[in-house]
Amino acid sequence: MKIVVPVMPRSLEEAQEIDLSKFDSVDIIEWRADALPKDDIINVAPAIFEKFAGHEIIFTLRTTREGGNIVLSDAEYVELIQKINSIYNPDYIDFEYFSHKEVFQEMLEFPNLVLSYHNFQETPENIMEIFSELTALAPRVVKIAVMPKNEQDVLDVMNYTRGFKTINPDQVYATVSMSKIGRISRFAGDVTGSSWTFAYLDSSIAPGQITISEMKRVKALLDAD
């Protein structure tokens, strides 16, 4: 299970001031570019990709439709993704599939897609269908993050992850049940079949997230003989 840590600089200066030494134990960096105004993203990109050269990087534009900070039309969303991909070819590109389904055809040639679904209100009743539809598209990674209302919601996400991973062993999944009651899902990836877990360095960006140091301690405990 790899540890993913988001970075969200709000300016070029903040990007340049990131202390790289704090990320030594991080497996994957997620650049949450939605912390920036749309017109600043291309200008800040060189600082991010140069600073984290040697790390795997996810480029993410988390829109307000799925709990992020930026408002983009479908055309603007795809244009920014394509521009970043053509210049920097990041290891992974997050694509909010259900929020931008109309333009997904323009992404079919991308081998590095993380097809994602985020719901900060609930764990929808059709969660199995969401797993199924994303899996059928065979992206690099299927990512699902939903908000539980009770313990059963947490168990449903974990069980569906295990079930779909068993049937599709070559598909990478990154799933999480958010909030305090869902926190166990962040640690159980080796059992459920979720290959990524998300932690934070300075401030949490999702309910239930924990720090890198806390995640490392838990992983060490779980990995011990």
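Residue numbers in this text run from 1 along the chain shown.
Here the Cβ of each residue, glycine as well, is placed from N, Cα and C on the backbone.
Secondary structure at ARG32 (3-dehydroquinate binding site), as computed by DSSP, is strand. A sphere of 10 angstroms centred on the C-beta of ARG32 (3-dehydroquinate binding site) encloses 20 other C-beta atoms. Marked as 3-dehydroquinate binding site by Swiss-Prot: GLU30, TRP31, ARG32, ARG62, ARG186, GLN209.
Within the same chain, residues at least six positions away from HIS118 (active site, proton donor/acceptor) with a Cβ under 8 Å of its Cβ are ARG62, GLU66, GLY67, GLU96, ALA145, VAL146. Per Swiss-Prot, the feature active site, proton donor/acceptor maps to HIS118; the stated evidence is sequence analysis.
Residues or ranges marked as active site, schiff-base intermediate with substrate by Swiss-Prot on the basis of sequence analysis: LYS143. Non-local neighbourhood of LYS143 (active site, schiff-base intermediate with substrate): ASP94, VAL114, LEU115, SER116, TYR117, TYR173, ALA174, THR175, TRP196, each in the same chain, at least six residues away, with C-beta under 8 Å from its C-beta. DSSP classifies LYS143 (active site, schiff-base intermediate with substrate) as strand under the three-state reduction.
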**Request:** Over all pairs in GLU30, TRP31, ARG32, ARG62, ARG186, GLN209, the listed 3-dehydroquinate binding residues, work out the largest Cα-Cα distance in Å.
**Result:** 20
